[in-house]
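Read through the structure below, which is laid out as structure tokens, and then see the notes.
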Amino acid sequence: MAFRVAFLTSLLILSMSSSGNALSLNYYEKTCPDAEWIIAAAVKAAAAKDKTVPAALLRMHFHDCFIRGCDASVLLNSKGSNKAEKDGPPNVSLHAFYVIDNAKKQVEALCPGVVSCADILALAARDAVVLSGGPTWDVPKGRKDGRTSKASETVQLPAPTFNISQLQQSFSQRGLSMEDLAALSGGHTLGFAHCSSFQSRINMNNADPTINPSFAESLRNICPIHNQAKNAGANMDASSATFDNTYYKLILQGKSLFASDQALLSHPETKNLVSKFASSHQSFNEAFVKSMIKMSSINGGQEVRKDCRVVN
Ligand code: HEM
Ligand SMILES: *[C@@H]1O[C@H](CO)[C@@H](O)[C@H](O)[C@H]1NC(C)=O
Ligand SMILES: *[C@@H]1O[C@H](CO)[C@@H](O)[C@H](O)[C@H]1NC(C)=O
């Protein structure tokens, strides 16, 4: 009862500054105190078996938050005639959904119906960064899961061909600043991209002028226009399993994979931040944490799903 009152009070306070679900650090303190440990252990076990898991979880959380808020809409399966987000075009390389399923199963066994899938994904994304050698932070919790997921809405995600004004618009529509854009793009220190995500900027005859020519040449070798292996692509950077600031150093050398990465140099504010993050791992880490907390607080759903793949 005391908890209920405290919860309602904090909800009231937070609802004065924002609408939707109030997030708090101790949200599950009474109702499921071991949830964070269980989730961290599930992510760790999966990452030990498959080193692509951390990058996948970080990207999954970003996709979740950018469509309908962080409401686990990215986790829902298509049903009947409804094609869900995970079956939309930008889903290339979204994977490792089973990690969230495993964590949810274990958490449900302990405290049924309490911990939302959206919170599990937000925590798993944090755990993924930590496991990759990145910074840690306390994740505010209390997200609710949504009941809608539409493949057609994935067009709202920023594309790798976006220029700086398109990126700025996409982020500002979600209450995110140019600093958030510069810091969160650093998520591209982890993982892998398929040729299709950067093919259009490496073509021999009309290569993107902002790309380093020898880097473009090496990408053309990996991604020949004809005869391309089905899963051909490139790691984000040479240390793609390590969360570090290499991404920003590569941007300064014209060696980032996407036009949207390189575009950070075309606005004075993001350009300054790229230089700052390239020269200070510490300032990148601090900015990343601040912006992750902001992005992962974008409001979404209404319920606590029992199964992350289907609505209650
Ligand atoms: C700024 C706008 C962004 C664009 C245009 C963008 C675009 C992309 C694209 C095209 C891929 C490669 C997909 C593929 O070819 O398989 C990718 C991968 C990735 N993105 Fe982003 N992204 C953006 C922001 C973010 C943010 C904010 C994060 C997280 C903080 C993030 C984390 C990742 C990760 C970790 C991968 C690698 C996934 C894997 O290896 O499984 N991205 N992104
Ligand atoms: C991505 O979408 C395609 C259809 O557009 C689907 O066949 C595929 O299973 C999806 N991938 C994932 C990981 O859900
Ligand atoms: C970015 O692209 C949009 C759409 O193609 C275009 O209207 C705009 O002028 C471009 N902005 C910059 C800064 O290149």
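Keep in mind that glycine also has a Cβ here, set from the backbone N, Cα and C atoms.
Annotated active site, proton acceptor per TrEMBL: His63, in sequence order. Reduced to three states, the DSSP call for His63 (active site, proton acceptor) is helix.
Counting Cβ atoms from all protein chains shown, Glu85 (Ca(2+) 1 binding site) has 26 others lying within 10 Å of its own Cβ. Annotated Ca(2+) 1 binding site per TrEMBL: Asp64, Gly69, Asp71, Ser73, Glu85, in sequence order.
Residues or ranges marked as substrate binding site by TrEMBL: Pro158. Every protein chain considered, the tally of other Cβ atoms within 10 Å of the Cβ of Pro158 (substrate binding site) stands at 18.
Here TrEMBL flags His188 as heme b binding site. Its own atom aside, the Cβ of His188 (heme b binding site) has 25 Cβ atoms within 10 angstroms in the protein chains shown.
Neighbour list (Thr189 (Ca(2+) 2 binding site), Cβ cut-off 8 Å, at least 6 residues apart, same chain): Met236, Asp237, Ser239, Ser240, Thr242, Phe243, Asp244, Asn245, Thr246, Tyr247. Annotation source TrEMBL lists Ca(2+) 2 binding site at Thr189, Asp237, Asp244.
A C-beta separation below 8 Å, combined with a sequence spacing of at least six in one chain, links Cys111 (disulfide bond) to Tyr28, Thr31, Cys32, Ala35. Residues annotated as disulfide bond in TrEMBL: Cys32-Cys111 (among others).
What TrEMBL lists as disulfide bond is Cys65-Cys70 (among others). The Cβ of Cys65 (disulfide bond) has 29 other Cβ atoms within 10 Å, all protein chains considered.
Annotation source TrEMBL lists disulfide bond at Cys117-Cys308 (among others). Around Cys308 (disulfide bond), the same-chain residues six or more apart in sequence whose CB sits under 8 Å from its CB are Ala72, Leu75, Leu76, Phe97, Ile100, Asp101, Lys104, Cys117, Ile120, Asp145, listed in sequence order.
Per TrEMBL, the feature disulfide bond maps to Cys195-Cys223 (among others). Sequence-distant contacts (6 or more apart, same chain, Cβ under 8 Å) of Cys223 (disulfide bond) comprise Cys195, Phe198, Gln199, Ile202, Ala232, Gly233, Ala234.
Positions annotated as domain 'Plant heme peroxidase family profile' by TrEMBL: 22-312.
The signal peptide annotation in TrEMBL covers 1-22.
The feature site 'Transition state stabilizer' is assigned by TrEMBL to Arg59. Less than 8 angstroms from the CB of Arg59 (site 'Transition state stabilizer') sit Ser93, Leu94, Gly187, Gly191, each of them six or more residues away in the same chain.
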Where Gly69 (Ca(2+) 1 binding site) falls in three-state DSSP terms: coil
C-beta crowding around Cys117 (disulfide bond), within 10 angstroms: 31
Sparsest-packed of the listed binding-site residues (Asp64, Asp71, Asp244) - C-beta count within 10 angstroms: Asp244
Shell list (Ca(2+) 2; ref centroid = CB of Thr189, Asp237, Asp244; cutoff 8 A): Gly186, His188, Leu190, Met236, Ser239, Ser240, Thr242, Phe243, Asn245, Thr246, Tyr247
Winner by Cβ contact number (other Cβ atoms within 10 Å) across the recorded positions Cys32, His63, Ser73, Cys195: Ser73
Most Cβ neighbours inside 10 Å, all chains, among the recorded positions Gly69, Cys70, Asp237: Cys70
